[in-house]
Ligand SMILES: O=C(O)COP(=O)(O)O
Ligand SMILES: [Mg+2]
């Protein structure tokens, strides 16, 4: 069975993804996108489309949404600004912390690990959402998709987060819900475990190369 690094050369820290890993935010994405599309006089998109498309940051989501509804790509700037306004207005209203997350974060900290949240969500959405859901205090750092020049699946955000934490990538566990998180972790040299209940661009997480999967965040094999 797959294990995590233990003992004196064991884990020093964990980097935890947000959307699809700690918080089920698909309802927030749907609401904010719906507000934006309505304001622009464009048709709506399905929940399935939203589930497949979230995880690669706001710019990717808006670009793909405009394409999905057949809108002119030249409307991108106006659409992104409207989306950001709508998202900030409803942030957290249709979002719920997954079972086992509060317990899982406490357990990781109980094992002496420092925690950072690293998400492709803009920092201006991520920080107030974690605060509103009572998760912010668990983290030494919260880095959004705009914190670094490149987003996951590029390894840069993970390497920069390890640098901020003062930890070695090989001793810093990435916990996420998608291929994005796994590709970034592999390239950065971090061990990576995935939760099975998240989004993963609409595909089963079993298709992704990772060190292991768990059904709840408090089920990671730390002992
Ligand atoms: O694309 C997003 O905003 C979601 O990103 P996350 O899964 O990295 O938290
Ligand atoms: Mg995610």
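Backbone N, Cα and C define each Cβ position, glycine as well.
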*Can you pick which of 146, 154, 177 TrEMBL lists for the same Mg(2+) site as 17, 19?*
177
*asked:* My understanding is the cutoff is Cβ-Cβ under 8 Å with a sequence separation of 6 or more in the same chain; which residues meet that for residue 177 (Mg(2+) binding site)?
replied: 17, 19, 20, 21, 55, 194, 195, 197, 198, 199, 200, 205
_Beyond the listed site residues 17, 19, 177, identify every same-chain residue whose Cβ lies within 8 Å of the center of their Cβ atoms for the Mg(2+) site._
18, 20, 21, 22, 55, 119, 176, 178, 181, 195, 198, 199
*Other than its own, how many Cβ atoms are within 10 Å of the Cβ belonging to residue 19 (Mg(2+) binding site)?*
25
